[in-house]
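Record features, source TrEMBL:
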type	residues	note
TRANSMEM	A:60-77	transmembrane segment
TRANSMEM	A:196-216	transmembrane segment
TRANSMEM	A:228-261	transmembrane segment
TRANSMEM	A:282-307	transmembrane segment
DOMAIN	A:336-390	domain 'MIR'
DOMAIN	A:402-458	domain 'MIR'
DOMAIN	A:466-524	domain 'MIR'
TRANSMEM	A:602-623	transmembrane segment
TRANSMEM	A:644-664	transmembrane segment
TRANSMEM	A:670-689	transmembrane segment
TRANSMEM	A:698-723	transmembrane segment
Amino acid sequence: MAGSDRATAASGIDVGDARQRNVAAVQQQPTIVEKTEVDDKKKAAKKGPSVLDVLDQWEWIYAPLIFTALAFFTRFYKIGISNIVTWDEAHFGKFGSHYLQREFYFDVHPPAGKLLVGLSGWLAGYNGTFEFKSGEKYPEELNYTFMRQFNAFWGAACVPLAYWTAKALNLKRPAVWLVTLMVLCENSYTTISRFILLDSMLLFGTVLTTLCWAKFHAQRTRAFEPEWFLWLFMTGLSIGFVTSIKLVGLFVTALVGLYTIEDLWAKFGNTKMPAVELAAHFTARVVGLIVLPFLVYLLSFAIHFAVLTNSGPGDAQMSSLFQANLRGTEVGRDSPLEVAFGSRVTIKNMGYGGGLLHSHVQTYPEGSGQQQVTCYHHKDANNDWFFYPNRREEDYNPEADPRFIADGQTIRLIHAQTGRNLHSHEISAPITKVDKEVSCYGNLTIGDEKDHWKVEVISDAASRDRSKIRTLTTAFRLKHETLGCYLRAGNVNLPQWGFKQIEVTCTKQNKPRDTYTHWNIEAHTNEKLPPGDPGSYKSPFFKDFIHLNVAMMTSNNALVPDPDKQDDLASQWWQWPILHVGLRMCSWDDSIVKYFLLGNPLVYWGTTAGLGVFALLVVWYTLRWQRGYKELSQWDVDQIHYAGFYPVIGWFLHYLPFVVMARVTYVHHYYPALYFAILTFGFLVDWFLRNQKKAIQYIIYGILDTTVIGLYIYFIPICWGMTGPNKQYSYMKWFDTWRMSDA
Amino acid sequence: MAASTPQGTLRQRNVGASSKKNKDAASSDTELDKLIKSTGVKPPAAGSETEYKIVFVFITAMAFLTRFWGISHPNEVVFDEVHFGKFASYYLQKTYFFDVHPPFGKLLFAFMGWLVGYDGHFHFDNIGDSYIANKVPYVAFRSLPAILGALTVSVVYMIMWESGYSLPACIVAAGLVLLDNAHIGQTRLILLDATLVFAMACSLLFYIKFYKLRHEPFSRKWWKWLILTGFALSCDISTKYVGLFAFITIGSAVVIDLWDLLDIKRPGGALSLPEFSKHFAARAFGLIILPFIFYLFWFQVHFSILTRSGPGDDFMTPEFQETLSDNIMLANSITIDYYDTITLKHKETKTYLHSHPDKYPLRYDDGRVSSQGQQVTGYPFNDTNNYWQILPVVDDQKLGVHVKNHDLVRLRHLVTDTILLSHDVASPYYPTNQEFTTVSIADAFGDRAADTLFEVRIENGKANQEFKTISSHFKFIHNPSKVAMWTHTTPLPEWGHKQQEINGNKAIAPSSNVWLVEDIPSLPADHKRREKEEKKVKTLPFLQKWFELQRSMFWHNNQLTSSHPYASLPFQWPFLLRGVSFWTQNDTRQQIYFLGNPIGWWIASSVLAIYAGIILADQFSLRRGIDALDHRSRSRLYNSTGFFFLAWATHYFPFFVMGRQLFLHHYLPSHLASTLVTGALVEFIFTGDSSEQEVAHHGAKSGKKAAVAKRHMTARDRFAGQSMLGSWIAAIVILTLAFAGWYFFLPLTYGYPGLSVDQVLRRKWLGYDLHFAK
């Protein structure tokens, strides 16, 4: 072994360029494995038959079992004592109800997590009729305890996964236990797992992905063997699972992605590897880590669409055709087929995530100061417009026979609620400055040529006849007659003065394929015309899928902090790693059970300090290396690289986005990042202690373990629920910002 | 276990995979630093570089010509000359002002004004104001940036020359800056960017000079260039804070250099740690401490020039303001006692709190009703109806008691003998805001007593602070309802004599609620309370003043988020998608539209992409064990050209995360760096032997190693015997194209001649929003 090392060394000394170095790297991989194997054997050989040794031998079975049992105990104990809807249960419980009622709803998160909530409700025999109003008492027939237990299951399952992950990262047993304990005895993890929320599943997905990645990494020398494939596909499935719960899952995906890129780059440099094998490596990863997760993600949406077949509160987010296929919808039901002057309609933008053309009495604070025109995703009377003839033609006469609207005809649109005309002029739009502002102006008599819009039909799914505009099926553009620009809603959110609705502009660019300039008639009423059934066309799954995803992104972007709204639950990124604040999950009345979202101080402060120590460690070894110290073996470097560096990268990936992100953030956004900080901490303790004397190890691990457990128990009331007056919990209030007590 | 024994771990660093990762990470960087290594140790080839010198003189002359041509046109204030001209005037008048940029660039302009004996009487209020009519020596002002702008071209040339590039490469780089409309446009006007870009270019040049002396560390010359680099960097950051990017550029190169010095196996022999520390300390001193001291020095100059109170006072704390002379605050501030008669002035709209016997009408136009109480309004002129007597809560008639912060008071309107009151009745214009009115004394101390109480809340005040005229800025909070007395500029209708509405604002925080007491009319002019012993101007420690100003500057810099019609986004710059309209004149159809030379910019930007492509292709082929470049070409490509590329990247990408409004001129330093890359790549692609060309074009097919030539030499030596024809042709083609683009857009850069509609339309490439297109 040493000989071969030296041989490669000798061959590399004089050349030392990139190519040779890689060859050496590849040659060394088998030797590492050998070493570790030898290590294990030696360990095994030393074993005697004493009780301690038996314990030692069976640790891999009973340790995870004990930890799991403890996890289930801490997560399940007294889980039902608060019988009110707590914190975001109001959201996720409600979404679960929608699945049970099969009503189409809209939310910024992908569906998998909420589908599981729905599943738990179904298992609990819940019928979906409860509204999950925040702070309200659960009705008798709703077995909320079961639903919470279902969620707590995911949280508890993180503990054994953490155990196996630490093991797969080659930590020694006491360090493995420490990591597991830190996950087990983490108050914030405990608390967040005990309610009907998505966070326990998200955490589970993150932890599982990390485990699969570590396992896959451990298989790297046995490429293309069944176990290798198993963990590759498990990683893929896990990525698919976690991203289908919340898009935060993309961060752990990025971690695996970085690893894969590095891995492939190393293989790419191995000139001895046949091209076919290289291609096989590449393909396997594309399939396992991109195609497979994407399929899982698609599947979650397919189930989502398959379950939600009834019309519900989220209809307006989707295309008109999709809505027409929901049961119980108004869209397309009994609407007249063809649009005539005097028709009362709602007009839907056909771009992905497009809303309904909307106006309200509020005016633009800048520009013309006239009435705002926006796109809006909720159905209300302000979305209704009347088709009117232009001012040059004879006026609309309710008594006369209906006059249909043809391609190329110039019309006016009158807002039903305010009676004003859709209008545009030579004033820059409020956000998209290159476009023109669109407003509502005048009334039936007051107005000018700038109220005139020309209908240009793009396509019609139902007919080739362009002499009429049809409900749902005709896609048309509206061209402003005097300015020559097109009405467009490009998914740009207005500021608070526009209620974060979508900006509507008039664009000079004539791009017939820009779907954000395409509109169709959605609801249509006209007493003069016979009812028809225009909604008999299906909208394809992929179109719905993309549409919904774009809508999710756009409304996620709208979640920016609002200076006009005070939110004392929100916190900022810098507060999390130092455990500066907690979060009150419910009202602080003496009569209700109170939960406070706060972490275990040692876990938070220790792991944050650990990140700094890790940076120093890396700097230390790099400088020493440059000075010619050869103190690290290949195994050591790999250990720092995979068990230390990758968790740190994971931490950055899960933390930095929240630093730069301009949206409202809460303490629980830090929880996935915290897991990686815990792994780093475990690595560091292991690194510094693994070669120390047993006695020192016992003392330090003993202190760390007892402190973690002690603090956990000390703070356990905030997780299990604080009953009675909050004053009696003031002993935990170490700082004024930890508001678990008003005292 | 073998792995843990020493000999198991003892591996040759450059071989084992243990070192592989680090080495990999480092290698691309290390090479970068070797930067000018290949050019290093250049024998002072006397006389051999005559042609370089001739071209240098020619290019410098051309640079002065292009920058100074027609510099007196337009004789009006153009774009941001509004700001920087004004600041120069303030310096010359020694009045304190506030700006988000550090003082160095502005001090230079002031110095220029002082040289020509200008007194700073003109305040550059509006774009288009005439310089002639106002007798401003604007040509002198403008010649400063023009000189710096012209010298920038020379510095670019010298950077290439010093880095050992061939003559065509030098000419291309310098020519692209010389013939660039953006550089010309920005450096002919009273703007800071000429100073900024010049300092940035100098810092690159000086650092290269310094680096070339690395074989004689701590020599006199070595120190000279180190300190000059630090000085250039300091001038850069003391002009605008984007100068920080140059620190990142140079800093990265220094870190890589230090990393190599630390190397135990470095070619020149290992350095001992004390030696290394000396290197480290010298650089830290020369490139961090010294620049910081220079930076502070400019602030010291700033403070010592600006000794008079001026428009910048309001940005500073009262303590700071007391260090300025002629300060009204210092002169006229009087402590207010109860039973004094005072006049209250709204800080933002400069109107006085006023009342008169007229009542609010019962019904407003929109149908809402009022209390029909006596009107309380804002009135901008002196009037006895602005007099209010300040009364304590308990009407004890005790004189000589000072009013303090957070005291509850009543205000008695002297002329009508009524007491100020606010109540839950909507104000004339704002249904959400409370009406202000007055009630009789009897009511005020009777059943309306609570509603007549107001709290004096001094801005940033401490408990028990005395309430003073002029200097105490305060909010007047109605005690029971906690609304703040507020006014705005929309005048009341006829019934209110078009005076301003006063109402109670529920939002207390906004600064528009701030009032101040202007005077105490009840005190005769010679009253002893008005007498002030001649107070000396106070002083504050420099660092305290600097720190306060610094904080204020950063804070306001972050507030610059409002949108500007000509603001642009970073991704638009390399493609030159949009310019900025600087100035227009309708009669002559002349306009200045700030825009680069599109052809030059597109060439430079595409070369950046080519460079990235070459590096990527090289990395990939190296990875597959194919070595297509000879040692020398690669070293030059990674180190020298890589340094330029790094300069471009560090001056460009940070803008993507900046929240403030951005303009095209923020790209100028980056553009300069991109021309350096262009020059270098022209040489790389169009000269050299066939194998090099193949690499450039086919991305590494040939495995043939190029000729081994390890000597360090000048460009002339390097290309001895090789045909330079390719580079010359490329240089001529590029410069001809650039010249054409430059010439075509000249009317927009120099502001004359005026263009016809057709001519304007022809220049609307990419839809540039030019004026006079109709």
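Indices start at 1 and increase along the chain as displayed.
Just so you know, glycine gets a Cβ as well, placed from its N, Cα and C.
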- Of the stretches A:228-261, A:282-307, A:670-689, A:698-723, which racks up the most C-beta pairs under 8 Å with the transmembrane segment (A:196-216)? A:228-261
- For the domain 'MIR' (A:336-390), what does DSSP give as the number of helix, strand and coil residues? 3 helix, 29 strand, 23 coil
- Item | Contact call for the transmembrane segment (A:228-261) and the transmembrane segment (A:698-723): at least 3 Cβ pairs under 8 Å, seq gap 6+ | no
- Message: At a C-beta cut-off of under 8 Å, are there same-chain residues at least 6 beyond the transmembrane segment (A:670-689) that contact it? List them, or none.
- Response: 158, 162, 165-166, 169, 171-172, 174-176, 178-179, 182-183, 186, 188-189, 192, 199, 202-203, 206-207, 210, 248, 251-252, 573, 576-577, 599, 603-604, 606-608, 610-611, 613-614, 617, 639-640, 643-644, 647-648, 650-651, 654-655, 658, 696-697, 700-701, 704
- Quick one: find which recorded stretch in A:60-77, A:282-307, A:602-623, A:698-723 has the most Cβ pairs under 8 Å with the transmembrane segment (A:644-664). A:602-623
- Note on the structure: In this predicted model, the domain 'MIR' (A:402-458) has a mean pLDDT of 87
- Query: Per DSSP, what is the residue tally for the domain 'MIR' (A:402-458) in helix, strand and coil?
  - Reply: 3 helix, 27 strand, 27 coil
- Message: Let's see if you can do this one: DSSP helix, strand and coil counts over the domain 'MIR' (A:466-524), in that order.
- Response: 6 helix, 28 strand, 25 coil
